[in-house]
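Asker: Sharing a structure here in C-alpha cells format.
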Amino acid sequence: MKFEINPEDLFEYKRRNETFKLIDMRSEGEFEDFKIPSAINFPILDNEERKIVGTLFDNGQIDKAKSLSVHYAASKLPDFFDKILNYVREYDHVVLYCARGGYRSTVFFNFLKGLGISVEKLVGGYKSYRKYIRDNLEDLIASKTFIVLHGKTGVGKTEILHTLQENGISILDLEGLANHRGSSFGSLGLDHQPSQKQFESLLFNSLLNSDELVFLEGESSRIGNILLPKFLCEKMSSSINLVIEDSIENRVERIKRDYVNGTEAEINSALDNLSKYISQNRIELYRNHVLENDLDFVIKDLILNYYDSNYAINYYPTDLHLSNDENILEAIKNFIADKKMN
C-alpha cells in the first residue's frame, strides 16, 4: 500500500470502487473558497491562527511561528485523533491534504503513521489536485458525446434534465454546479455561487462519473459569476441539439414556480440588472406589478418583449424539436436508441 499518493490515485480508487475519505487540513476560509469535492475540513490552524502564524513567518520569526503552530494544533489533537480512527475503520483509504502538501498535512501524517494508523497523504496537496484538473479537463470533455437541450426561457430544460437523471441517463447540470439559473433572475432564492476553481472541480467530477453520452442544457459562456471553459463552449456549439418547446402559459407557470422564490427586495434587485436593456419606465411598471403580487404580468411581458427576442437561437434543419409534454421522456429514449444504432 502506498502512503503518499498523487491525484490520479484518487480517481483510480473511484474506478476500483474503493471508498476514501478526504481530510482537508487547511483553514475554514481556504476550505470555503475551494476544496476537493467530498472532502471534510479538519483545520489544524483556524482562520485567525493561520493569520497570526503567517505574519510571524512573513516577519522572519520562523521558530516562533512553528512553536505557536504546535501549540495551536495540540489542542485539537484528541478530537482529531478520535475522528481519524473512526474513518480508518469505515473507509478503505483516509487521505490527508493541505494547500501544497507541506507542514500542515505532513506533521500529522507522520504523527499518525508513527502510531501505526494507516493514513495517506496527497503529495502536493490541493495545488497538485488543481493542476491535475486543469491538465485533464479538456480531454475528459472531448471523450464525451453531448446532446444539448435548447429552447426558450421557461420551456423546462432543467426539469427535463432531472427527469433524465432519475431514469438513469447521464446529465451535466451546469446551472446546478454553478448554483445559478443563468439569467438576471438566476440567483433568486439560492445561496452564493462556488468559486471558479471549485466549479471546475465539480465539473470534472460530474463528467468523470457520467456515461459516454451526456445530456446538458445549452448555456452562454457565463453562468452568473462562473466562466465556462472555452473548450466546453466549443464542444456544446458543435454537438447535437434537441429543441424543447412549450406554450407561453406553461412557461409562465414554470418560471413562477422555479425562479420566483426570492424576496421582493431580491426580485427588485434582479429587475435592476435589466435596466441597461429595458427602459426605466418599463422597470417601474414591473415594480408596481410586483407590489400587487401580479407576477404573471411581469413574467409574460419579459418573455415576449425581452427574453424571446434577445435570446433567439438559429437552429439547424437537422435539430430535433420536441414538445415538453407527457411523451417527452419516451421521445428522448427513442432518440438515444436511434443514436446508438447508428
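Here the Cβ of each residue, glycine as well, is placed from N, Cα and C on the backbone.
Okay, these came from TrEMBL:
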- 16-138: domain 'Rhodanese' (DOMAIN)
Asker: On the DSSP side of things, how many residues of the domain 'Rhodanese' (16-138) fall into helix, strand and coil, could you say?
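Answerer: For the domain 'Rhodanese' (16-138), the helix, strand and coil counts are 71 helix, 15 strand, 37 coil.
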Asker: Report the mean pLDDT of the predicted model across the domain 'Rhodanese' (16-138), rounded to a whole number.
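Answerer: For the domain 'Rhodanese' (16-138), the model's average pLDDT rounds to 94.
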